[in-house]
Every structure is written in structure tokens, then in C-alpha cells.
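Peer 1: Copying in the features that TrEMBL gives for the protein in this structure:
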- B:12-32: transmembrane segment (TRANSMEM)
- B:47-245: domain 'ABC transmembrane type-1' (DOMAIN)
- B:52-75: transmembrane segment (TRANSMEM)
- B:82-106: transmembrane segment (TRANSMEM)
- B:126-143: transmembrane segment (TRANSMEM)
- B:183-206: transmembrane segment (TRANSMEM)
- B:226-246: transmembrane segment (TRANSMEM)
- B:266-291: transmembrane segment (TRANSMEM)
- B:305-517: domain 'ABC transmembrane type-1' (DOMAIN)
- B:311-330: transmembrane segment (TRANSMEM)
- B:342-363: transmembrane segment (TRANSMEM)
- B:392-420: transmembrane segment (TRANSMEM)
- B:441-463: transmembrane segment (TRANSMEM)
- B:499-519: transmembrane segment (TRANSMEM)
Amino acid sequence: MPFNPTRRHFLRSAIGAAGGCMSGLPLMGLGQDAAQKLAGVSVEDLPRLKGKLTLYLGRGEGGLYERVIDAVKKRNPDLRLSIRRGPTAALANTIVAEAKMGLVRADVFWAVDSGAIGLVAGTGKARKLPDTITSQVDERFRYDNWVPISGRIRTIPFHTGKLKAADVPKTLSEIADSDLTIGWAPAYGAFQSFVSAMRILRGDEATKKWLIATKKRAKSYAGELGAVMGVARGEVDIAFANHYYTLRLKAGDPDAKVDLAFTNNDAGCLLNASGAMTLRGGELAQNFVRYLLSREAQSFLASEAYEIPMLPSVTMPKGLPDLADIHPPKVDLAQLADLAPTLRLMRSTGVL
Amino acid sequence: MTRWLSRYPSYLLSAVIAVLALAPIAVLYYLAKGAEVYFSEETWRILKNTLLLTATTVVGSIVIGVPLAFLTAYCKLPLQRLWVIALATPLAMPSYLGAFTFYAAFGKGGELEKLIGLTLPRMEGLAGATVVMTLYSYPFVFLTTRAALRGLDGNIVNAARTLGLSLPGSLWRVVLPRVRNGIAAGSLLVALYTLSDFGTPAIMQLDTFTRAIFVEYNAFGLDRAALFSLQLIFLVVVVLVAEFCFRSVRENSGHCLSLQPSRAGVAFSLIPVAGIVALAIGLPLLIFGIWLKREGAGDFDQIIAWNSLKVSLIAAGVAVIVALPVAYAATIGKVGRFLERIVYLGYGVPGIVMGTALVYLGLRAEAEIYKASEENPEVTQFLEKWGLEEPFLYQTLALLVIAYVLRFLPLAVGTIRATLEKIDGNMVHAARTLGAGRSEVFLRVTMPLAMRGIVAGAALVFLETMRELPATLLLRPNEYETLTTEIWLVYEAGYFGRAAIPGLLLVLFSAIGLAIMLAGERRAEKLLLHQEES
């Protein structure tokens, strides 16, 4: 296992924690000490950051992560932060290419997709994170060399002018067999992780067939926000995208003709996570990660970016249906790191 | 040997630069060896798309460019010069800006639908890419054809008409065959431009070589990206060779044909001109304007504009310095001309290909330095002494500038060589007779006389650098966003409105560049003729 020594299912834990939030009892079942710990650390109590730090920042979040980082910078004027921005998959590839040459250039990697995290962890360059960081998130979220920062779910945004939620097929196979037009962003890391999940769940051959069948009615977008906007404009009937794109679009334009649907128990509603890892930079890098897990950053990500917070004490984003009603597949996120066969499959079918 | 070198130090310098220009291709060859399959179904699909787009763009450019060239070359029109300049301006605008705004403007829910309530067909795929590429590259054909027409002796038409041919008949049967070379030369430039453009096919979602290289590079297929790069370079070389063959035919010049169209004729011919300029220049400006009004200046960071300016200035400066010996060598002998040809290859290497190769080179160099400094403390001390911390080359401004210089050097070499050739040799001889040494003559006579060419060359490199997208995307240092990468980021994220400011700034810089170049020449036409040569 490249990066998940505890071999726990992120999925199960994520639903547990998130579902708990929704029911208003976030700390249900935990002892008093644990409850306090999971209330999160405020930035007020975090050590000041001082020195030089290189952050590889997977983008695609339309500047929202930037605002978290800007806030961190503002609090820490002595921090000389150098940021490399790029699509998460591209940055992960860059880190791997650097590692192959024996170079490590990033102190911290904040990826929007755990497949990319796994890819980088596979180089063996990721450093172990101290317990004081990993133990901030629920026991079941703990990994040795990375920490999830926010959760996201794969969804099926649909055009409300053309379809009702009930019209949206409940499985990926039915979507492939339907006559709906589809928007997707195959170059986006989260989409590739989604295909990886399908490969793990249903095998290569079935995934290949699905890609070929779906491609006939699919329109490619550069990013998933673009795909969701395509749905809202009526260019396509449905799309494959992470949940928050739709929520953010609707936050800006409540009349947008798009809403969320979910498939049932297949890769279409995969639960994934953004995460951070340190590759260099010792304590400074670790302390930077602490800021990302601070109560304030987590609240911001949930309320402004509509991402699922990793601290159980932080309120869930608005607009997401009760997570207890969603049935994500059981996939070990660690396996999503195995990207190469996915890309080969996507290439051979002409999707990528 | 040493005597030969000391007599021709510029040969040595040119040789070094030529080798550097070839380095990216060698790197790609090395990288591509790892690719599993050399030709696959996908390769054919990409090849087909690339060739189709090139062919449709060339045809489109001829259809637009040639009639307009006839019109502006032979018809007396009011504000003649303005027409020519207006029709040449799309050349000054990066085509991906056009692609971006066309993509957002057309189609269901597009900006034009919101504006006029009429749903226009979507601009995407082969058709969309053809429209955009044609609108931004037809000026090549327009300019070369016009130059060829202006160079013809008008009397041949008069002779043909005396012999009973109608005016259109004589234009078709006598004039057109004689400007075939001009049209071909322009078409080949269009083909070259289309092959190497990255932004337009990417935004129009057409899988051409440039787009495939980018996708592969980002999806962990460095070897496949390199392989596609080599295949693309092969196509480019074919076009370069063809272009070279079509170049040199010249007719005896004489009085240019001059026709007096009627008022109605003038008005009628204005329609296509206005339509094309409105589409190519007006529409992008309109869309950016709409976005600016809707979203405001937002939180556009001025540093981005400054980054663009800074790196372009540095690239222009370095390119001119490097170009001087190459241009000089080209004027003094065959070896120099040969070396100059090699350097010209750089302009044929598409930005995405150059970027892919240099990323690897930079990474490799960085790794070697790192290893060396781990083993020898002296190396570390040396680096520290010179302020060369890590990133040494990889992800530094230096590597980005190297990419720009290798790519746009031919522009500087071309303009500088042209002015050097015009310098009266007697001036140099006179200076030598008066006792000046070789280097003194070069510094005190040749250089000042070549200054015009140097400035023009620098301006061209500056402009091209400012607009370069794919190599910048791959090579830019951390935190170093430029206007072009910002526009790309905005496009990828889907927040189109934020492209207004960087887009308008880019248009503005292009316009200023064009104006400076126009002002630098005594007559606008001279510049236009000049552009065709470079």
C-alpha cells in the first residue's frame, strides 16, 4: 500500500462523520476528551509561521483556496510563501517527475483529489505527519503521511428545465444507456479518480465499454465548473462533477437551472477528499498544514467553498442533501492512486 | 582553425547558438524513445484533425485574403492606408483570445444570445477552430498577395485588355497566375501558424497535436508528449521546406495597376472589410467590455501585468544580443548563412514542444547540480557565492527566457540581418582605412547603423513573448503568473468574466506594439512588406 498504512476506509468514516453532522450531533459517540480535540484548533492558538515555504497548490477551485492562503499569509507576515499553481494532476505529475530526478521542490502539496495524493505518496517522498495533526480529524480519517482537508462527492448536476430529479438515472449504466447529453471534464483530476473508482468497482472491460458508450453523447469541458455551467445553460442535460460546483453556481445565481442528483452505490457518487502532505520543510510545513485544519479555515471551506469539513465540529455546507440519503460506493481511496491504467483506458477510448 | 575562428568569432557564437537551437529536438528524441506505441489509432485521429484544420484554415485564408488583396492593391479607395492597416491588425491579436471570446459569445446561452436574443450556432470543434484560425491568420495571405500584386507591372493587364479580355478575365487569366507564388508563400505561413497554435484548438476542443501534447504532458505521458512533439515538428519541417521553395520568384516591376471603382463599388467593398474587422477585433473587444462591465476590475493583481512586461523585456533584450552575431555571421559568408538557417528552426518549433523539451532539460540540469553540490561542498559554496540558490534553472525565469529566445530569435535575426545588409560597405572600409580595428568598426559604425533593425527586432520579440501561452504555462516559475497564463487559468476554472482585464491589457499591448512598429517605418506599407519577409 503506497500511502494508507492503516488501510481504513476513508469512505465509511466520511459518511459516519458527515452524517453525524447533518443529524446535529457531530460528536455523538465520542468521549469528552476526544470531543474537545475534535472541536478543532483556532488560528489564535497556532504557532506563527516564519521562513521560506514552497506550496504546490492544485487549483480548479476558482480562487477559494487562495483566500484561505491569503488569510494565512496575512496572519504571518514573516512567511515567505512561494506557490506553484496548476491542475492537481499536473502538479502531482510534476512532483513525481522531480522525485524521479532525486529532487524535491515542494514543501507542502495541497491537492484537490486524493488520487493525486496517492500518486505523490507513491514516490516515498511524503513525510510522516505528527499525531498532533492527524489526530485533529476523526480517528477514522487518520493517515500516516497526509491529512484530508475537505471532502467532496461526485454528483450528477442536471438541467431543471428539461429534467426532474426523478428523471435522472440512478446508476452509471443507465446513464450510458439513456439518450441524455452529458458534460464532462476528462482532464480534471477528480474525473480521473472517478474513472479509477469505476475500474476498481467494475473492472477495466466494463469501464471501457461505459466510456465508449457515454462518449457518444458527451461534450468535453476544460473544468468541472465549465461542465456545470454547460448544464445550467442547457448545452447538455446532465454532467459529472464534484458537488460544490453546482452549489457555488447556485449561490451566485439562485435561479440557475441546475440541481443535484446522485447515482446509487456506484462510482457516480464517489466520496473523495482534498488533502495536504508535506515533502520538505519540517516543522514549518507541518504548521502550515495546521492552519488548513484550523477551525476558521474549515468553516470558510464549508461555508464559502461548499466543501465537506474534516473537523466534525464545523457545520456542513448548505444545499447538500442529508448525507445519510446518499449511498457512495465502498472504495479504498488509496487505490485511486493507481492512475496509470485509468489514463491508458481513457486514452485508448479517445476520452482523454 | 584557430585563425579561422579568430577572424570569425561570430561564426563560433552562431555555432553555439545553433547547437542550442537544436537541443530541444535532441531531448525530445531521447524522451520519445520510451513511448510504447509509435503510431496508434489515436495518432491517426490527431493527424487527421491537425491536417484538416490546417487545410481548412489555408483555404479560408485564401478565400478572404486574396480578394481583399486585389481590392486594396488595385482599387483607388478613400483612406487606402487605413484599410490596409485595419485588415492587417488581426495579425497583432493572439488567436486564442479570439477563440476564448468566440467560444463564450456563440451558442446557446452565449453572450451574443444574451445581447441580441438570437441563438447562434456554437463555435467549437473543427468548424469553430477554422473560423477563428482563419480570421487571425488570413492577413498572411492578404499581405503576401498584396505585395506580389503591387510588384506586378500593370501594363500586362492593359495589354490583355487591348487583346480583348475583360477586366475580370484578365485579372483571372493574366494576373492571378503571376501572384500564385505570393499566395502560396502566405498560405504556408498560415499553415505554419495553424500547426503551432495551441490555445485555439484547446479552447475549441479539437484534438490536434498541440492539444494532445498538453494533455499527455499533464497526464503523465511525457514520452508520448515527446513523440507527438516530434511528429508535429516533422509536419512543421515539411511546411518550412515548402515555404522555402516558394519564396524567391520575383517579377519585373513597373507601374502598378490602378482602378477607380464607383461610389457604390467602394461602399459595397467596404462591407466585407468592415465585417471581417468587426468579427476579428470588434467581437473580442465587445465581449471583454461586457465582462468588464458585469464583473468590474475585480481583484486583478497588477503584478501579473508587470510580470508579463518584465519577462518580455528581458527576452527581447537577450534575443537581440544573441541575434547580433548570428545576423552578422549570416552577412559575411556561407557558413554563417547555414548557421542562421538552423537558428530559424526555433521559430518552427511550436511553443508547447519547446516547453516540453525545456522542462525536461531544466529538471535534468537542476538534478545534476543538486547531486554535484551534495557531493562537493565547493559547488554549494560557489552557488551560494553567486546567489544561485535552488531553483537553479528549473522553474526559473532564466529557463523561461531561454525558451522565448530560442523560439523568437529568428524574428530578431531577420530584422537585424536586413538592416546589416543595407549598410553601405564603403562606410566600414572608410573606417578601416582611417585606422579603426574590426571591433571598433563594429561598435562605432555597424552597430549604430543597425540600430533601427535592432529596435524593430526587439519589438517583435517583445510582442511575441508577451502573447506566448503554452511554453509559459509549462515553464513559468512559481508565483509567476503572466497575462496569458492568467487568461488560461480563468478559462480552465470557468470564471470567464475575470479574463476581461488581462485580455484587454493583452490587446492593448499588441496594439501599442503594432503602432510602434508602424511609426518606426516611414510608410505603413514598408512595414507590411517587411513582415512578410520575416
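Using the three backbone atoms N, Cα and C, a Cβ is placed for every residue, glycine included.
Describe the structural context of each listed feature in the structure shown, including burial, neighbouring residues and relevant distances.
Peer 2: Long-range contacts of the transmembrane segment (B:52-75) within the same chain: residues 83-84, 87, 126, 129-131, 133-134, 137-143, 145-146, 149-150, 171, 183, 186-187, 190-191, 194-195, 201, 206, 208, 256-261, 265-266, 269, 272-273, 276, each at least 6 residues beyond the stretch ends and with a Cβ under 8 Å from a Cβ of the stretch.
Long-range contacts of the transmembrane segment (B:183-206) within the same chain: residues 49-50, 53-54, 57-58, 61-62, 65-66, 94-96, 98-100, 103, 123-126, 128-129, 132-133, 136-138, 140-145, 148, 214, 232, 235-236, 239-240, 242-243, 246-247, 348-352, 469-470, 488, 491, 532, each at least 6 residues beyond the stretch ends and with a Cβ under 8 Å from a Cβ of the stretch.
Listed by sequence, the residues of this chain that lie at least six past the ends of the transmembrane segment (B:226-246) yet keep a Cβ under 8 A from its Cβ atoms are 25, 27-32, 35, 38, 43, 46-47, 50-51, 181, 184-185, 188-189, 191-192, 195-196, 209-210, 212-213, 216, 344-345, 348-350, 352-353, 356-357.
If one looks beyond the transmembrane segment (B:311-330) by at least 6 residues along the same chain, the residues whose Cβ comes under 8 Å of a Cβ in the stretch are 8-11, 13-14, 17-18, 336-337, 339-340, 343, 397, 400-401, 404-405, 408-409, 411-413, 416-417, 420, 442, 446, 453-454, 457-459, 461-463, 465-466, 480, 482.
Listed as Cβ neighbours of the transmembrane segment (B:342-363) (distance under 8 Å, sequence separation of 6 or more from its ends, same chain) are residues 14, 17-18, 21-25, 27-28, 31, 192, 195-198, 209-210, 213-214, 217, 222, 225-226, 229, 232-233, 236-237, 239-240, 326, 393-396, 399, 402-403, 406-411, 413, 468-475.
Only residues 6 or more beyond the boundaries of the transmembrane segment (B:499-519), in the same chain, are considered here, and those with a CB under 8 A from a CB of the stretch are 85, 89, 92-94, 97, 100-101, 284-285, 288-289, 291-292, 295, 297-298, 300, 304-305, 308, 456, 459-460, 462-463, 466-467, 483-484, 486-487, 490-491, 527.
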Peer 1: Cβ under 8 Å, sequence separation of at least 6 from the ends of the transmembrane segment (B:126-143): give me the contacting residues as numbers and ranges.
Peer 2: 49, 52-53, 56-57, 60-62, 64-66, 68-69, 87-91, 93-95, 98-99, 102-103, 106, 183, 186-187, 189-190, 193-194, 197, 200-201, 204, 206, 208, 276, 279-280, 528-529, 531-532
